[in-house]
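**Student:** Structure incoming, see below.
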Amino acid sequence: MRFFALFIYRPVATILIAAAITLCGILGFRLLPVAPLPQVDFPVIMVSASLPGASPETMASSVATPLERSLGRIAGVNEMTSSSSLGSTRIILEFNFDRDINGAARDVQAAINAAQSLLPGGMPSRPTYRKANPSDAPIMILTLTSESWSQGKLYDFASTQLAQTIAQIDGVGDVDVGGSSLPAVRVGLNPQALFNQGVSLDEVREAIDSANVRRPQGAIEDSVHRWQIQTNDELKTAAEYQPLIIHYNNGAAVRLGDVASVTDSVQDVRNAGMTNAKPAILLMIRKLPEANIIQTVDGIRAKLPELRAMIPAAIDLQIAQDRSPTIRASLQEVEETLVISVALVILVVFLFLRSGRATLIPAVAVPVSLIGTFAAMYLCGFSLNNLSLMALTIATGFVVDDAIVVLENIARHLEAGMKPLQAALQGTREVGFTVISMSLSLVAVFLPLLLMGGLPGRLLREFAVTLSVAIGISLVVSLTLTPMMCGWMLKSSKPRTQPRKRGVGRLLVALQQGYGTSLKWVLNHTRLVGVVFLGTVALNIWLYIAIPKTFFPEQDTGVLMGGIQADQSISFQAMRGKLQDFMKIIRDDPAVNNVTGFTGGSRVNSGMMFITLKPRGERKETAQQIIDRLRVKLAKEPGARLFLMAVQDIRVGGRQANASYQYTLLSDSLAALREWEPKIRKALSALPQLADVNSDQQDNGAEMNLIYDRDTMSRLGIDVQAANSLLNNAFGQRQISTIYQPMNQYKVVMEVDPRYSQDISALEKMFVINRDGKAIPLSYFAQWRPANAPLSVNHQGLSAASTIAFNLPTGTSLSQATEAINRTMTQLGVPPTVRGSFSGTAQVFQQTMNSQLILIVAAIATVYIVLGILYESYVHPLTILSTLPSAGVGALLALELFNAPFSLIALIGIMLLIGIVKKNAIMMVDFALEAQRSGGLTPEQAIFQACLLRFRPIMMTTLAALFGALPLVLSGGDGSELRQPLGITIVGGLVMSQLLTLYTTPVVYLFFDRLRRRFSRKNSKPVVEI
């Protein structure tokens, strides 16, 4: 401790070092980015491919499977899932945490290139990829509305200009434009007119394609001039296509307008987007996995004036949803909680020391330690988030402990009449080892967290490092700045036989005297205390098994996301009506601020909604209570279901599900999967522990199955290719030509006019031109009958997959739900060919459950090793660790009392308690050992004296930690659901520990001392003289 004496005698140097630490911390604070939580996003890449008109089964077998085989060879792929629907396939690749997203993207592109030769012809474009997770909620949604512009024209402007500009902003991973599609020339064929003119659909398609070409024509030049050749080889509008000659009938020209309606429309008319009951185009912006959400949103907002300047006056651009306000509000709440904790801790010190000068010392030490931590956070690449700021809030109680122990011991010597500088030296020397032991053993608690892998390890690393750095800085400050300030600011007082008995002092003396009396009784009834101690151990085990558990507290981010699932045979027009009905119900709720939604595309019977709630200060209900209220109203809507879930800052996996948690069924037999999935889903829907049970297996869509008579076809001179081409031309929204414009490329889309395809009778009007040029009706060589068909085909890996999604009813924990699912699967007797496992957040929860006890045991073992090294003893660390069972009981009972499940945040609280409560024992054991060595006291006398002498600092440090955590319990507002479990755990553990360990620790100390002496006598051998 001589090294630290230099700081006492060199106050200027000490003050300047503390000022340097503070200035570095302030600079680091200003540079730190802001985020809701530490960066825990898995690198995710989405691969998309399309083949218009292809059935889901065709897309799965001919497009998804070749791509999956190639993509599955990429190193670092954690999970690969795919979903194939009408005309489209989407493959989600989730990589390991340590995989660089840009390197993964290069590998994905190489795998797509390798699979290209295996993909079917007729695909309008090569498969593409995006570095974004489609299951993540957008960080911002912009809407475009107009009274005069068509939806197609709005969509074109949004995708061609706005989306391109936004995508260039740092942090933006994907800009998904919804609500319509690109403009196109649509050719709606009249089957009867074609038949009358003897024109086949293929002939129409070929005529349009041939009439709209873009080829280089070259140039002509002479000795002086050069002329570039330009022709009118392109048709760009519906008016230009209408007079196009497609056929000659008996020498008379048949024009396209004679047999079809040609209109300027959109590529896919089966798309609709809305915002607050108005048709709208939605720009859904998602961030890159490694991007900071606040910085990305700020970048978008900074770009908005430029975007609005380039928008025509007829278009209205609005922000429909922004994730950043609730994040900022949550962080502001944590910062306020931190300030309150510092104030309360300093108040505790003042009440105990009853001196303004003495209180000023920890009032300086605490901010220096906390502010200095910001510099280390910046150097480590951390952010200001809920967890790191909660770590600093909790650190308030820790960093003041070191200063209190040093200050209180110096003050004791000053009260005995010692001179200030001498008291500072002597007091620091006496407790220096104690402070080092307390700090190192506390940091040791977090070593297992730093070594923990996966998402929980990544999530908790910033918390552990931030708290460890704060404790380290506090250790240095308490042994340098604190004794220096004590030596130069405090004054010695005359020795008093009786302490002053005023106010808190009188109460403290009374408590100390009462404690001494009760401790004497306890030391005479050690067996009873031993039974109590063993009872706390047993109660810990029982409570841990019984308490409900979850992965992460359910957050209220002020944003809800909803998935609509309608009858599988619903039409687009009916589905658009359902979207409007659902939006009206939600918009009428008093807690809702804004509603946007869209439907259409390859999945006509589904839709998505994004709901922004009013700020927490303007509504009384939580997000979950609002969902529960809306669920009752939404259930009355026939023919469709809307599943709502609160958007969370942590969402694991790339599956887009209609609920927060998923259970995935896998099978190598698609038939077995389709047989068992409805049975399992029905059984799970009946469980009271689950809500909103739904599945992505949609195999009950309406299909018209055409059966060709191949013999008749051969006799009539028709081949299968011609028949299939007929159907694709008629009903597949076939893209038959491309219109090239300076800003974009647009399609010519051909199909039978919707007026002539209202029902199945449209097939009777279809005909094929055979080899002899005769029109042969489709009914001559084909029969059709209705059947069921899948609307989507899903894979995981290379196996058929079906994901059952579910939410949790209010009051139900994730552990109760997973146990009920596992029990149900066992009771159903599902065959081995169908395998079930949790996925996404539920899967991470299962993995975390398996490692929680290991983590706690590892933390205790690490603390034991550190204490054993410091004390050079196998026994004394056990005495110190005997404080833990009572703290565990208090923490678990408090969680039960507040109806809070045991989550990852509560686990942090348990880990913190391991570090906090042992401080009391360390102070007792240190003084007892010193009294035995230097004072010649018996173990009983030594531990009794140590308990009385250290009663005041024990009460001060415990109350400081208690008041440091109390604002977390009492906090409300944004983000309180994250803070409260941590505060509840710590406060409950501290209260119970303080009540019991003041008595159990001396009893355990004496027990191990007797045990040690007994073994020493047994192992001692008489000395034999030779």
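A Cβ is built for glycine as well, from the same backbone N, Cα and C atoms used for every other residue.
Because the structure is a prediction, the values reported are computed rather than measured.
Residues or ranges marked as transmembrane segment in Swiss-Prot (evidence: sequence analysis): 15-35, 333-353, 360-380, 387-407, 431-451, 463-483, 528-548, 853-873, 897-917, 953-973, 984-1004.
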**Student:** Of the stretches 15-35, 431-451, 528-548, 953-973, which racks up the most C-beta pairs under 8 Å with the transmembrane segment (897-917)?
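**Tutor:** Stretch with the highest Cβ contact count: 431-451.
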**Student:** So, does the transmembrane segment (853-873) come close enough to the transmembrane segment (953-973) to give 3+ Cβ pairs below 8 Å, pairs being at least 6 apart in sequence?
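**Tutor:** Counting Cβ pairs under 8 Å, fewer than 3, so no.
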**Student:** If we skip the immediate neighbours and take only residues 6+ beyond the ends of the transmembrane segment (387-407), which ones have a Cβ under 8 Å from one of its Cβ atoms?
**Tutor:** 37-38, 331, 334-335, 337-338, 341-342, 345-346, 349, 353, 358, 361-362, 365-366, 369-370, 373, 377, 427-428, 431, 434-435, 438-439, 442, 459-460, 462-464, 466-467, 470-471, 473-475, 477-479, 482-483, 486, 912, 915-916, 919, 923, 953, 956-957, 960-965, 967-968, 978-979, 982, 986
**Student:** So are the transmembrane segment (360-380) and the transmembrane segment (15-35) touching or not, going by 3+ C-beta pairs under 8 A with a sequence gap of 6 or more?
**Tutor:** yes
**Student:** May I ask you to check whether the transmembrane segment (463-483) and the transmembrane segment (15-35) make contact, with contact taken as at least three Cβ pairs under 8 Å and only pairs 6 or more apart in sequence counted?
**Tutor:** yes
**Student:** I need to check the long-range neighbours of the transmembrane segment (528-548): which residues 6 or more away from its ends have a CB within less than 8 Å of a CB in the stretch?
**Tutor:** 522, 812-813, 815-816, 882, 885-886, 888-889, 892-893, 895-896, 901-902, 996, 999-1000, 1003-1004, 1007
